[in-house]
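The block underneath contains the structure these notes are about, expressed in structure tokens.
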Amino acid sequence: MSGFVTVAQLVEELNLELIGSGIGLARTINSEEINRPGLGLAGFLVYYPSDRVQVLGRTELAFLSSIDAMDARERLKRICSFEQTPCIVVTRNQEISDELREEAEQYGVPLLRTRLSTPKFIAQITTFLELHLAPETLVHGVLVDVYGIGILMTGSSGIGKSETALELLKRGHRMVADDAVEIRRISEDTLVGMAPPLLQHLLEIRGLGVLNAMTLFGAGAIRTHKKIEMIIELEAWQDDRSYDRLGLDEDKRRILDVDLTCLIIPVRPGRNLAIIIEVAAMNQRLKRMGYNAARELSEKLMSSMDAHED
Amino acid sequence: MAERTVQVNLRAGLQARPAAQFVQEANRFSSDVFLDKDGKSVNAKSIMGVMSLVIPKGATVTLRATGSDAEQAVERLAVLVGSEE
């Protein structure tokens, strides 16, 4: 389900300077990896990753200016001729030779330039591409940031997710998305959630309608995106179902191949869910810091049993 | 009112996990169920209470229940603590 990024988006978001007529800006970037075409320019084109963004740093340009102009043009022609190459970026605001400009223009490869040094630019573009090309999914739920912990609240419609989010907002926490959460896997084990652009800052409360959390509660009440650390599933209280009494074991829920801790919280009139979620967030932080109350109690119990036996 | 004194045969005694299982089982019954050990009595439906008694394997405990399904509750819980698993 990976998307793509157009070169025009890249130019816009990373503030790149466009050299030439702007031909080929609609080309798409489908790979988050970057290539420095040193070997390609040297003439070795086996395994040449032509589908990646090609970055020309000092080394590449120094090499090109060390050989004669005709030869350089031939080598550039080969690099520029791939239709799948999204664009070529020159770093450090280096001077661009006529050969490079003309060959890029002829084959319709966008030629861009950045002020940054090569390593800095590669770091920046990699982060940008990883975020935008990451696998994504849309989940029904509410994403909130409680004491810095990103909590995805799920549960059937009408169970009270938005109402709980509202109370959390009143208590000074932040909302990321209500109802629909776009989730992206930005690295092997990291999920980031955000609101679909149209629904940003909005939440819906039955009886009140659509509300804007930012205008109601201020800029401090919202976040554009947040790493998701746990899932809290709200469900109607069922008498015959057993709920976790200890908290020794963690349930996991899988989203985009990432396992997240999942708590199932039964909902019953008179239970203050916002407080329960606040405490769940704090407890999660404690666990992350290495303290687990349930485990400690269990260990104490075991050692007092051993003491009794002696 | 039903009452039974049993020996705990659970391999690890009523440690946290078995205690949670015990409490969950007790909660299935509508009767009030109590667990007595060494003169101390706790509500068998309360996890913290049950753990506070510190019940190792081999300990002798008394199950007491009052209510409509008292007999079944005592019977079921006695089997649970009396089993080895």
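Cβ from N, Cα, C; glycine included.
Any TrEMBL annotation is an automated prediction that lacks curation.
Note that the coordinates shown come from a computational prediction; the quantities given were computed from them, not determined experimentally.
Feature annotations, courtesy of TrEMBL:
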type	residues	note
DOMAIN	A:5-129	domain 'HPr(Ser) kinase/phosphorylase N-terminal'
DOMAIN	A:132-300	domain 'HPr kinase/phosphorylase C-terminal'
ACT_SITE	A:His140	active site
BINDING	A:Gly155, A:Ser156, A:Ser157, A:Gly158, A:Ile159, A:Gly160, A:Lys161, A:Ser162	ATP binding site
ACT_SITE	A:Lys161	active site
BINDING	A:Ser162, A:Glu204	Mg(2+) binding site
ACT_SITE	A:Asp179	active site, proton acceptor
ACT_SITE	A:Arg245	active site
REGION	A:266-271	region 'Important for the catalytic mechanism of dephosphorylation'
**Request:** Could you tell me which of these binding-site residues, A:Ser156, A:Ser162, has the greatest number of Cβ atoms within 10 Å of its own Cβ?
**Result:** A:Ser162
**Complete:** Among the recorded positions A:His140, A:Gly155, A:Ser157, A:Ser162, A:Asp179, A:Glu204, the ones with a Cβ under 8 Å from any Cβ of chain B are none
**Asked** C-alpha of A:Gly158 (ATP binding site) to C-alpha of A:Asp179 (active site, proton acceptor): distance in Å?
**Response** 11
**Asked** Can you tell which of the binding-site residues A:Gly155, A:Ile159, A:Gly160, A:Lys161, A:Glu204 lies nearest to A:His140 (active site) in space, using Cα positions?
**Response** A:Gly155
**Request:** Summarise the domain 'HPr(Ser) kinase/phosphorylase N-terminal' (A:5-129) by DSSP state, stating how many residues are helix, strand and coil.
**Result:** 55 helix, 19 strand, 51 coil
**Asked** Which residue, of the recorded positions A:His140, A:Lys161, A:Arg245, has its CB surrounded by the fewest other CB atoms within 10 A?
**Response** A:His140
**Fill in**
Secondary structure of the region 'Important for the catalytic mechanism of dephosphorylation' (A:266-271) by DSSP, residue by residue, totals 0 helix, 2 strand, 4 coil
